[in-house]
Amino acid sequence: TDTGSQKDRVVAEEEWLQKWETGNIWFHKERGHPLLQKYLDVLLNGRSGLRIFFPLCGKAVEMKWLADMGHSVVGVEVSEKALKEFFAEHSLPFCEEPVPEISGAKKFQTTSGNIALYCCSIYDLSSSIVGRFDGVWDRGALVAVNPCDRQRYVSLMITLMEKNSSYLLVTVSYDPNKHKGPPFYVPESEIKSLFG
Ligand code: SAH
């Protein structure tokens, strides 16, 4: 399929912030994603107490699910409003602190410390700041990244993964000439070459 019509499209950070400000958050799934339930065993692979990463997390309710199962959740999101809504909607007390390594970034963490959400661009993160993860839930993340940034995004994700980590990726399949995205159409062949 020709994805040429989307390859030069760029959604600025400001546009994402705007979506959150105006409540134009069609991508948010209040009841969580059925595919996480379906493939939870693949993500966990019999392990408990994992560190799980949510790139471009929004206020994904799946973060609460996994934390309630005893895992430690880390997310990153540019919109502070999204993160504050997450804590408020789940009645989770949290504290806020600066991130010394990233100017302007904030870290919001539940009092119990099992959910830590970074308010900054994912491209500001590195394994020296957030560590490495045993599992990744990538829904609305790779498909939301600007097509020109895909390789950079995937290379970063690879550096954030522990040796035996599992990565669940949700993509969308449609004719990219009919919609401008996001979510963008990322063909399977491209996913294979991106992740290697
Ligand atoms: N994964 C979430 C949200 C998907 S929408 C879910 O499943 O509901 C994509 C999100 O990425 C938006 O909330 C947007 O504000 C955020 N975002 C976009 N670019 C980003 C970046 N460079 N770093 C961190 N977050 C970003």
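Cβ atoms here come from the backbone N, Cα and C positions, even for glycine.
Feature list (source: TrEMBL):
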type	residues	note
BINDING	16-27, Leu56, Glu77, 121-122, Arg139	S-adenosyl-L-methionine binding site
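Feature map: TrEMBL annotations on the structure.
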residue: Trp16; record: S-adenosyl-L-methionine binding site; Cβ within 10 Å: 19
residue: Lys19; record: S-adenosyl-L-methionine binding site; Cβ within 10 Å: 18
residue: Thr22; record: S-adenosyl-L-methionine binding site; Cβ within 10 Å: 8
residue: Ile25; record: S-adenosyl-L-methionine binding site; Cβ within 10 Å: 15
residue: Leu56; record: S-adenosyl-L-methionine binding site; Cβ within 10 Å: 24
residue: Ile122; record: S-adenosyl-L-methionine binding site; Cβ within 10 Å: 22
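Under 6 Å, Cβ to nearest atom of ligand 1: this is the test, and of the binding-site residues Trp16, Lys19, Ile25, Leu56, Ile122 it is passed by Trp16, Leu56, Ile122.
Classification of Ile25 (S-adenosyl-L-methionine binding site) by DSSP places it in coil, neither helical nor stranded.
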